[in-house]
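Peer 1: Here it is, the structure in full.
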């Protein structure tokens, strides 16, 4: 039976910000932006806003992988690190804040691990920064060698090999190279590295129950770093046998993920996943070095052993192998002040004089902030009939998400990382709070736009950015329409689907939220065009949304973290994102029906 995991924490919602505060207290060469809780950015204390004369290197992602990435901020490595909530991609605003805080005239490089949420959020932030005049390049790292080459649009996951890529990029930037060359060296390194992970236990998210997915004598091979199931489950074996399997997977001549053959020289990184003793990591390293030399004819130029990119309290390790060349070695050997890089030399420690600078500095403001008018922020509560209907519908949808939070988390624990309900709940609570303060309910388009702003602020990861895209597309469709009718909402829904598909890459049948939205949209438009009563059309379309969401049980995922999970495991639960869509859409439709009945009686 699952039990709540024991953690040395305070409030589970504060773990990331309190970690960053402790990090800055421990290492005087680090600061953080004063933007908690939404903006969680660690940066070098010796880099002033707008004046940095070298290429800035920024990496980031969901928290829970410490010391990555904040522990690798320092001269010669990262200029800044952006953190999301645990296992949740950082939002666009946080990434933009980091870019503005450390990027000078030479521009910045974003090193991004290959997860849908990270690609979307960092990509959107990069485009926004470019529009503000910054030079920005982005390198995607996908070093996972555990899964077959064809995995839909998701691709190979970014794992611990990212740490080596960050070191190469940071050294190239510190040497004064221009942005294009720094980016090229990072891409070069990312193509030469492969990683496979092994877990003896499942990690426990703060405040949640510990999964009992793995038996006492079982291990998982080829897992990611977010608690999702591995590619295979096998019986616990001696570590030498496990390491042999890992190396065989990385160096497979069938997948050809890394261009390494007999006679090559490599860099080896043995990475603990959070709860693995150093002794056990060293035993694994010992076997890996010998196996590479004796079985594959491959010599190791450098060996790094420790915990670099973890998965909270997971027991296990990953092995990364990077093909060595003169440029990569020079970058790895160059000095750095990043506190968690395993250089083991005195020049990696910050001088006591660095402590004179404050640990916390202000978030730099955008070049131009479009402030909301007093009229919008202090709107009259005398709503029109349409405004009252819109308010009731939003409230109904948000409350339904709050009601099914635990169900969403339960489904997501089987097919993802277990936090879909928590993420959606956070958005629903914020929407209910903001709608009383600043939603202009008499203006449907602006209200939808404000919902997008709320979601963008509080919901991280792929879910948050996709809902933000949904709202932005709907806003563009509704903008300028004085009286919004059913046909306009149908057009807005269709525009949202097109935008989500365009930026997220998913299609119908990919086992995503679109599998609820697309059937709903098709039925809604079909019934309206046939002349049906709009209310009846909405009700029937909500039933189509639920049917579509339930049908995801029988789909093989081709996007998101579920794409890494076997079909038999996916069949145990519907896609939680699709179920969330169906739930709030159905709640809105029923709210409309209820209001119609009351008005007739």
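Glycine is treated like the rest: Cβ placed from N, Cα and C.
Pulled these features from TrEMBL for this protein:
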type	residues	note
DOMAIN	11-341	domain 'DhaK'
BINDING	62, 63, 64, 65, 118	substrate binding site
ACT_SITE	226	active site, tele-hemiaminal-histidine intermediate
DOMAIN	388-590	domain 'DhaL'
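Each of the listed features needs to be described in terms of its position in the shown structure.
Peer 2: Other Cβ atoms within 10 Å of the Cβ of residue 64 (substrate binding site) number 28 in total over all chains.
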Peer 1: Sequence gap of 6 or more, C-beta under 8 Å: which same-chain residues meet both conditions with respect to residue 63 (substrate binding site)?
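Peer 2: Result: 15, 16, 19, 40, 83, 84, 85, 86, 87, 88.
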Peer 1: Specify all same-chain residues, apart from the site residues 62, 63, 64, 65, 118, whose Cβ lies within 8 angstroms of the center of the Cβ atoms of the substrate site, ordered by sequence.
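Peer 2: Going along the sequence, the neighbours appear as 61, 68, 83, 84, 86, 87, 88, 89, 225, 226.
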Peer 1: Averaged across the domain 'DhaL' (388-590), what pLDDT does the model get? Just tell me the whole number, please.
Peer 2: 91
Peer 1: If you count the other Cβ atoms within 10 Å of each Cβ, which of the recorded positions 65, 226 comes out on top?
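Peer 2: It comes out as 65.
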Peer 1: If one looks at the chain holding residue 118 (substrate binding site), which residues at least 6 apart in sequence have a CB under 8 angstroms from its CB?
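Peer 2: Correct list: 60, 61, 89, 112, 158.
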Peer 1: Measuring Cα to Cα across 62, 63, 64, 65, 118, which the record gives as the substrate binders, how far apart are the two most distant ones in Å?
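Peer 2: Site span for substrate, by Cα atoms: 15 Å.
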